[in-house]
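Here it is: the structure, laid out below.
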Amino acid sequence: MDPLSATKHHNNLSKPSSLHMEAPPPEPSPLRKIMVVASIAAGVQFGWALQLSLLTPYVQLLGIPHTWAAFIWLCGPISGMLVQPIVGYHSDRCTSRFGRRRPFIAAGALAVAIAVFLIGYAADLGHILGDSLTKKTRPRAIAIFVVGFWILDVANNMLQGPCRALLADLSAGDHRKTRNANAFFSFFMAVGNVLGYAAGSYSGLHHVFPFTKTKACDVYCANLKSCFFLSIALLLSLTTIALTYVKEKTVPSEKSTASVAEEDGSHGGMPCFGQLFGAFRELKRPMWILLLVTCLNWIAWFPFLLFDTDWMGHEVYGGTVGEGKAYDRGVRAGALGLMLNSLVLGATSLGVDVLARGVGGVKRLWGIVNFLLAVCLAMTVLVTKMAQHSRQYTDLPGGIHEPLPPPSAVKAGALALFAVLGIPLAITYSIPFALASIFSTTSGAGQGLSLGVLNLAIVIPQMVVSVTSGPWDDLFGGGNLPAFVVGAVAAAASGILSIILLPSPPPDLAKAATAAGGGFH
């Protein structure tokens, strides 16, 4: 940090704040309260795992072609780019008698429940409104699904950002409590992923909720509904327990008015974005390099996260959406692979510190796992060719040629790719977020906005991939492999830049870098 920047930062820190001038330093909360709040991540990730594993096949079942399916996912990065800074800004300044973060967490959980209901019942509601079951495309169901999906992503951002900020508030600047809070949040994320992918891989869940199978909703759709019912129950239960057990200290409105006016006066009508863009003006070279590496990293990740189960259903199992059982078998096998991925992710998250010391630092570790990501994405081509070469068919009534499941070696190879990818994903969910907090210490943002700068380097690549992956795949005859190959190239470039250009964090902050947790929505 140059002297001028240090002076600016010192002045920002030393400016009297009407929020804290008279109040004594807050005491860190007990670890049990931090664990209860962190457990909300399990409910959030349960629903997110269902999105990643089941919704891309589901939208194709409603009649949206593969080429356009990725456009549905635009709502995630757009809502992340707009909603997260707005919610973070206002939760930093909320003066509700219920606390700063808890009202946003409660509203987000309720919105998730409403959105999941719309998504699960899109086919039924579309049929009631006039969709024909004999036509491949169901426009009313698609419209309801899109509305529900956008609400779901907005709600996820409304819920997860304040939840992370509440953990930081409860830690009250205690480094040990902060590390524990991040570790617990990452652990419960892995728990939610395992539960979500396990539910998505089980084909008989609709028997638990027999009313989910209707004339407009087949077995696959009924299983999706059943999974979402479990998701709602888990999230609302964990959120209710956390908000009931953990209380916040309220901020009197008269104490915050002067502070908010002073901080926001120069930013016009959208002060949260003013602060965000102000942080960009203060960025130094290490942070810009981190943003570039993160951008390339997510160009690599997002195609696979979008189409992993679709790849299993189409390329590995040779199935077609809505025809026979091969595609559904592949999707369930993909959900099993994602469950294995989450198990490896959870185990790796606990050993990031050891791995970083073993390879000589966090930036070198990130570079190495990006090369591993590139190799795994390239290997999807080999697994696909092996599956196509060994494909066998059986004749069904009506002259339908149904693909048989791939040989055990092919299935094992595909599942092994899912599992190994848990290693780089664990690093992606931890190290970049911690490095961002270290490199951008002059931004002056509150807890709610602390991840805003890095979030842009995540959501903008997601938007680009969402818009271009479908048409790009279509240029090469359809399928998922073209986007995966581009991802492999981006991962290799990200690894090179990480090792060569990305600065190492100061030694006294390296441990904090390996302990911090993250995620994306």
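For all residues, glycine too, the Cβ spot is worked out from N, Cα and C.
Pulled from TrEMBL, these are the listed features:
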type: REGION; residues: 1-26; note: region 'Disordered'
type: TRANSMEM; residues: 34-54; note: transmembrane segment
type: TRANSMEM; residues: 66-83; note: transmembrane segment
type: TRANSMEM; residues: 104-122; note: transmembrane segment
type: TRANSMEM; residues: 142-159; note: transmembrane segment
type: TRANSMEM; residues: 180-200; note: transmembrane segment
type: TRANSMEM; residues: 228-246; note: transmembrane segment
type: TRANSMEM; residues: 287-307; note: transmembrane segment
type: TRANSMEM; residues: 335-356; note: transmembrane segment
type: TRANSMEM; residues: 368-387; note: transmembrane segment
type: TRANSMEM; residues: 412-436; note: transmembrane segment
type: TRANSMEM; residues: 448-469; note: transmembrane segment
type: TRANSMEM; residues: 481-502; note: transmembrane segment
Would you kindly check 104-122, 180-200, 287-307, 335-356, 481-502 and say which stretch has the most C-beta pairs under 8 angstroms to the transmembrane segment (412-436)?
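By the under-8 Å Cβ criterion, the transmembrane segment (412-436) pairs most with 335-356.
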For the transmembrane segment (142-159), which recorded stretch in the set 104-122, 180-200, 228-246, 335-356, 481-502 gives the largest number of Cβ pairs separated by under 8 Å?
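Answer, by Cβ pair count: 104-122.
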Thinking of Cβ pairs under 8 Å, which stretch from 34-54, 104-122, 180-200, 368-387, 481-502 has the most of them with the transmembrane segment (335-356)?
180-200
With pairs restricted to those 6 or more apart in sequence, evaluate whether the transmembrane segment (104-122) and the transmembrane segment (287-307) have 3+ C-beta pairs under 8 Å.
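Contact between the transmembrane segment (287-307) and the transmembrane segment (104-122): absent, because fewer than 3 Cβ pairs are under 8 Å.
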Does the transmembrane segment (180-200) come close to the transmembrane segment (481-502), meaning at least 3 CB pairs under 8 Å for residues 6 or more apart?
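No; fewer than 3 Cβ pairs under 8 Å.
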Mind checking which residues reach the transmembrane segment (287-307)? Cβ under 8 Å, same chain, six or more beyond either end.
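52, 56, 70, 73, 366, 370, 373-374, 377, 380, 421, 425, 428, 432, 435-436, 439-440, 453-454, 456-458, 460-462, 464-466, 469, 480, 483-484, 486-488, 490-491, 493-494, 497-498, 501-503, 520.
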